[in-house]
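Accompanying notes for the structure given below.
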Amino acid sequence: MSKFVFVTGGVVSSIGKGIVAASLGRLLKSRDYSVSILKLDPYINVDPGTMSPFQHGEVFVTDDGAETDLDLGHYERFTDTELSRLNSVTTGSIYQAVLNKERRGAYMGGTVQVIPHVTNEIKERILRVAKDTNPDIVITEIGGTVGDIESLPFLEAIRQFRKDVGRNNVVYMHVTLIPWIPAAKEMKTKPTQHSVKELRSIGIQPDVLVCRCHLPLQPGLKEKLSAFCDVPVESVITAQDASSIYEVPLNLEKEGLAQQTLELLNLGPRYPHLEEWENLIRQMQSPGQKLEIAIVGKYVQLGDAYLSVVEALKHAAIALNSEIELRWVSAEDVDNDSAEAHLSGVDGIVVPGGFGIRGVDGKIKAIEYARVNNIPFLGLCLGMQCSIIEWGRNVARLERANSSEFEEDTPNPVINLLPEQADVVDLGGTMRLGLYPCRLNPDSLAFSLYGQEVIYERHRHRYEFNNAYRSLFFETGYLVSGTSPDGRLVEIIELPKHPFFIATQFHPEFRSRPNKAHPLFSGFMKAALKGREEKFSLSSQHSAVS
């Protein structure tokens, strides 16, 4: 039978519950315990698929096509496992399921209430994860902050859960903030005391306190928290601010988080095999070259909108013993006159995914700048579509080449709606979503990077390259380097005569890992590093001559 850890958060939002859950998953997995992590989100949307990135950050897509919270990306990257739609639960999906059951008569005419019907549905979703993969430990993060009205049904459900499955099979872990007050020159525990008091009023006594803080918790403060919150002092864990999220697992290991969790669950201690993770951190902390990469997007004011892209770039940089400096460029600011000012001097340009016409012209201009100036370029999803539009307009000389998404009556719709999307009315969960196979051209750069003929990548789109233009694009120098196995859908394009110009219809960033950088991001960063070294060499030669 699986054991269960519930991670709640107090005092403020965005405190790092997801990173704590992911880090605990890493530490337990390093001890050869199997782990699955799920997120309970208190918003009433069925999923985040139709939410603005400014509201929610990126939408993370799983192998089975679920549109989920970005925390699932952290879970997958830290534990190196593939999750599914079972690992993402929202209030909206719970109420939808309950109401569907009511319409079918499943409640036998009874009055449908939050307790027991909604709470039972929540508990069933948690148990479903345990039944699906039978992990040793299921870690559940409850979104929001203790005290929020939206989270109450989830908190009530996990309160009941310990009674249902047994006291020794459940751990309640509360992540809280210990603020540093500069004027007083001390850290304050009162917000945490009140947060725990709020949690107790719901009927949950935390077993472990994970204290987010700017400075290490001194023994006296740990003892104070232990006394006022009724938590053993060894279960008061310091989660000090770190320069990288990938340092957090090792920091929490030093604090004994995994050991305390296993003791509370009556599971035996095991030696943690963290050598690979320790090597990763050593590489991060002693980088060589610094590479400047421009991300040209629509939502650059909120970095979380492109979180997996940023992490995939970091993974590739770590593997190359380098570090990256990001130049965030709003696509709306890029035009013929400003492209040079925004993009000059960068070592590589990434145009990530997105939806809608706003900023598209700027993305197209940035792609032209990368192509003409031989700057390594990686386009993702809409980034591929924009690169096709750019080539159609500027090289193939197609009048008003465009996507039918942006211009319905364009005479040259080089990007068109997928046929199966023609009759789709609802927006949520109706795109081409999830893991699909892609067959690579053996004579392509993509093939040399992946090292295999058939690959699998995650998708999230409605539009594709219009095959009516495939021959023309090939004749003018474009290479289709990856397609669906039947050859119908173009999945990867590249420019053979460019230092590195690859664009994909899929989202490779979702399958990158800290210890296994994605091949396309690795290839892109290698090209960026090579370009920088060549520029440095050329600059040195000029200096020597002068």
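For all residues, glycine too, the Cβ spot is worked out from N, Cα and C.
Annotated features, as they stand in Swiss-Prot:
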| type | residues | note |
| --- | --- | --- |
| REGION | 1-267 | region 'Amidoligase domain' |
| BINDING | Ser13, Asp148, Ile149, Glu150, Lys188, Thr189, Lys190, Pro191, Thr192, Gln193, Lys224 | CTP binding site |
| BINDING | Ser13, Lys188, Thr189, Lys190, Pro191, Thr192, Gln193, Lys224 | UTP binding site |
| BINDING | Ser14, Ile15, Gly16, Lys17, Gly18, Ile19, Asp71 | ATP binding site |
| BINDING | Asp71, Glu141 | Mg(2+) binding site |
| DOMAIN | 292-534 | domain 'Glutamine amidotransferase type-1' |
| BINDING | Gly354, Leu382, Gly383, Met384, Gln385, Glu405, Arg462 | L-glutamine binding site |
| ACT_SITE | Cys381 | active site, nucleophile |
| ACT_SITE | His507 | active site |
| ACT_SITE | Glu509 | active site |
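Within the same chain, residues at least 6 positions away in sequence whose Cβ sits under 8 Å from that of Ser13 (CTP binding site) are Gly144, Thr145. The recorded positions recorded for this entry are Gly16, Ile19, Asp71, Cys381, His507, and the Cα of Gly16 lies nearest to that of Thr192 (CTP binding site). Within 8 Å of the centroid of the Cβ atoms of Ser14, Ile15, Gly16, Lys17, Gly18, Ile19, Asp71, where the record puts ATP, the same chain has further Cβ atoms from Gly9, Val20, Ala21, Glu141, Val175. In the three-state DSSP assignment, the secondary structure recorded for Ile149 (CTP binding site) is helix.
Reduced to three states, the DSSP call for Glu141 (Mg(2+) binding site) is strand. Checked against Lys17 (ATP binding site) by C-alpha proximity, the recorded positions Thr189, Lys224, Met384, His507 yield Thr189 as the nearest. In this view, Thr192 (CTP binding site) is surrounded by 26 other Cβ atoms within 10 Å of its Cβ, with every protein chain counted.
Close to the recorded L-glutamine site, the chain also has Gly353, Phe355, Cys381, Cys386, Ser403, Ile415, His461, Tyr463: residues not among Gly354, Leu382, Gly383, Met384, Gln385, Glu405, Arg462 whose Cβ is within 8 Å of the site's Cβ mean position. Using Cα positions, the member of the binding-site residues Ser14, Asp71, Gln193, Glu405 nearest to Ile149 (CTP binding site) is identified as Ser14. You'll find the Cα of Thr189 (UTP binding site) roughly 47 Å from the Cα of Cys381 (active site, nucleophile).
Taking Lys190, Cys381, Leu382, Met384, Glu405 as the recorded positions under consideration, the smallest Cα distance to Ile19 (ATP binding site) is found for Lys190.
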